Amino acid sequence: MDFISELKKRNIIKQISNEEKLALALKNQKGVYVGFDPSGESLHLGNLIPIIVLRYLKKVGFKTYAILGGATGLIGDPSGKTSERKVQDYEKITANANKIKVQLERYTQAKIINNIDFYQNMNLLNFLRDTGKLINIGYLLDKEFIRSRIENGISYAEFSYNIIQGHDFLHLYEQYDVQVQCGGSDQWGNITTGIDMIKRKYGEEKTPYLCGLTFNLLLNPNGNKFGKSEQGALYLDENLTHPYLIWQYIYNQDDQFIIDLIHRYVLDQSLEQLQELIEAHLANKKTRIAQKFLADYLVKFIHSQEHLDTVHKMNKALFDNQLDQLSDQEKLVVFASFDKVELDRNQSFMVIDFLLQAKVADSKRILRELIAQGSIQIDDLKITDPQAQLNVRKDQQLTVIKKGKKNYFIVVWKG
C-alpha cells in the first residue's frame, strides 16, 4: 500500500492539493514541513498527530522539517479564530520557542528551523517588493478565514499573516528544496497561499512536486477538540501535565472512538497488526484492551517506560486500596479531577466533625451509620470510632476519604 492510501485509510488526510505531485515528491526525496505555533510553552496532545505523521513521512523517504513560528507567533494565526488574538511579547514567544524546540528535537527526527531567522535581516520594503507583489488583495479576500473576519474587523497584522506563512513556504522551497507543506485542516488557506506564491514566481512547469496536505481535525464524539480535559489542555511537558492524567484521559475514551485514535496515532504498526488488537477489543469491550494499549503507547512515546511504570503503580494503588504506597503529590494527581475541600491543619478535629466538613454526608446521624457499617476509610484506615481524634502530620498535604467502594472525598490541608 502506498503512503497516501495508508494515511487515507487511517482517516488522517483531509485534503491534498495534488496527489500526483505528492507521490512524485516522495519518489524524488523532496522536503516536507509542518509548522508549530509557540504561543504556548509546550506542545499538547493535539500536536502529536502532525509529529507522528512527520516521523512517518521521514520513514517512507521524505526529508522532514519542523518549523517553529518564532516570527509568525508574534502576529498570531487568525485561522479558525473569530476575534483578534492577544499579541505576545518577543521574549515570551522566544522562550516558548526554545522549550518547544527541545520537544521537537526529541519527537520529530526532523531538521528544526525557527522562522524568525527568515525575517531578522529583512526590511519592510524588500518584503513588500519581493513577496507582496506575488499576491493580490482580491485573492486574500477570497480566503474563507479572512472573509469571515472582515465584517467584525481584522487587523492589518492578522490580515498579512497569510502572506508571511506563504513566504515561509517560499523560503523553504528556495533554500531547502521543501516541496510539501502539511498542517491541520484550518491551515488549508495558508498552505494554498504558499503554493500559489511559489507558482507565480517560478511557474507551473518548474514546480512539478509542489503541493500541500491537511490533517482531519480530531474531534471526540461530543464534537469537542480531542486533547483537552476538564482541567484544560493536556501538555507533553510533565511539569504541566502529569503522565497519569494523559493515561487516564486516553483510557476513558469510548469504545468506537478509541479505534479511530489507534489508527491515527500508531503509525509504526500496520493496519493488519492493529486489526488483531481491535478484534480482541471488540470481542470483550469490558476489558478495555484498546484503551489500555493506546494509553500505555502514548505515555511511553511522550515520556518513557519509567514514567509508564509510575502510572501503573498509581493505578494499582488506587484499585488495590493501597494509597499509602503513593506520595501526597501522586495522590493529588490521581484525584486531580475530584472536588476538594480546604481545611486548616492547625485546627483540631474529631473524626465525625472532620467528615462533616469534608462533605462526606449531610448529617452526623448518616455518618455514624456509615461508620457502623464499616463504609468509611481515612487514608486507607477503616474508621470505627466517630469520636476519635483526627491526626494530621505537619508535612501532610492531603487526606483521602473513601465512602463505600468508589466514592472519594479529598481534603487539602492549609496553614
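Cβ from N, Cα, C; glycine included.
Predicted, not measured: the structure shown is a model, and the values here were computed from it.
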Motif ''KMSKS' region' according to Swiss-Prot, located in which of 75-79, 165-169, 225-229: 225-229
Range annotated as motif ''HIGH' region' in Swiss-Prot, from 38-47, 198-207: 38-47
Collapsed DSSP category at Lys228 (ATP binding site): strand
For Tyr33 (L-tyrosine binding site): DSSP state (helix, strand, coil): strand
